[in-house]
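Structure first, commentary second.
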Amino acid sequence: MSNSTQHWIAQRGTALQGSLTIPGDKSVSHRAVMFAALADGISKIDGFLEGEDTRSTAAIFAQLGVRIETPSASQRIVHGVGVDGLQPPQGPLDCGNAGTGMRLLAGVLAAQRFDSVLVGDASLSKRPMRRVTGPLAQMGARIETESDGTPPLRVHGGQALQGITFASPVASAQVKSAVLLAGLYATGETSVSEPHPTRDYTERMLSAFGVEIAFSPGQARLRGGQRLRATDIAVPADFSSAAFFIVAASIIPGSGVTLRAVGLNPRRTGLLAALRLMGADIVEDNHAEHGGEPVADLRVRYAPLRGAQIPEALVPDMIDEFPALFVAAAAARGDTVVSGAAELRVKESDRLAAMATGLRALGIVVDETPDGATIHGGTLGSGVIESHGDHRIAMAFAIAGQLSTGTVQVNDVANVATSFPGFDSLAQGAGFGLSARP
């Protein structure tokens, strides 16, 4: 079965059991291929996510003159060209659906000697980019967007960048990363502060590639003119992908699964804290470190969940996991309240609206607010769900179908391949009732 099918039929399967290996982390895979391309020397990447988004980023660096070998689906050998070795592309650089790729590349390309154009698919072409182009312009970059601040990004090369002290108005790891990457090329020091701490993948991996960077929660600082040294990276399993199985095992009676070597970046694991507030049974084991990132096995067993007020401080640390959390909330006893999550309205879809509408279609009462929702736990029924081409919405409702009193049809699931190729096959093997329709 392939994620490229048009829709899924999800219905009750069996309790989830066994040990599952989740594909590599998308955020780490993007950065690994990007930083390896900018490094001096040859880097080997193991556990690379073979998804559409990460393939787009790798293909862009190939267009920029970087040789990338693919010994296997989950490996890349990158022949770095150094920070000053990228070559002018012959045409537009297509980021596909990858907001991470586009925003981080904007920081890198802003400092090159050549012009470039970053484009994306229909979904990415609706996403806000001024949050990135604004601070880059403060550094001296020249980047044009559409009149509403959306892609394509037309990057004018040959600009001399200056380091800045930037207080980001949004808690966004992508904005922070774009500014820091431009800062590598800038004169002087570049520092970024955030209203709330965000994921520090960029900081950890730049350090792994030999860059001197000072960082702590909500703060990062580096000086320009540094070079990256090639290194080998082992990409951990993607926490956001694991999240769907964490939630599924928590709400499907009789379940007990182990998820191997999952990345547990402290700015990524808000979902674990939220689920534990709701009574989930999640145990961490075999802690280690892969490529500067903390990892552990997660043992998850079914537990009756109860509604909870989700602390706003957790929101930036679980921004991609809210679709899965909403399904957990629907299955819980009582009400779950989410606030401070307006960022969900400008993801691959308006995730607050999409999840609220979808859960209502299955009989769950949801009170939507501008920055969140109250989900009243109940019984999930049958219905037809529009995923709006959003991979995380699609996977969330595949879980919902496992508790449905009937069947859940999830439309437009092709984009699941952007982050989790093979999700449906892995889910079936674990016990999901899930089938594909053309």
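Every residue gets a Cβ built from N, Cα and C, even glycine.
Of the residues K44, K347, Swiss-Prot puts just one in the 3-phosphoshikimate site with K26, S27, R31, S172, Q174, D320: K347. Of all the binding-site residues listed (S27, Q174), Q174 has the fewest other CB atoms within 10 A of its CB.
For the recorded site, D320 (3-phosphoshikimate binding site), the DSSP three-state label reads coil. Distance noted between the C-alpha atoms of R127 (phosphoenolpyruvate binding site) and S172 (3-phosphoshikimate binding site) is 14 Å.
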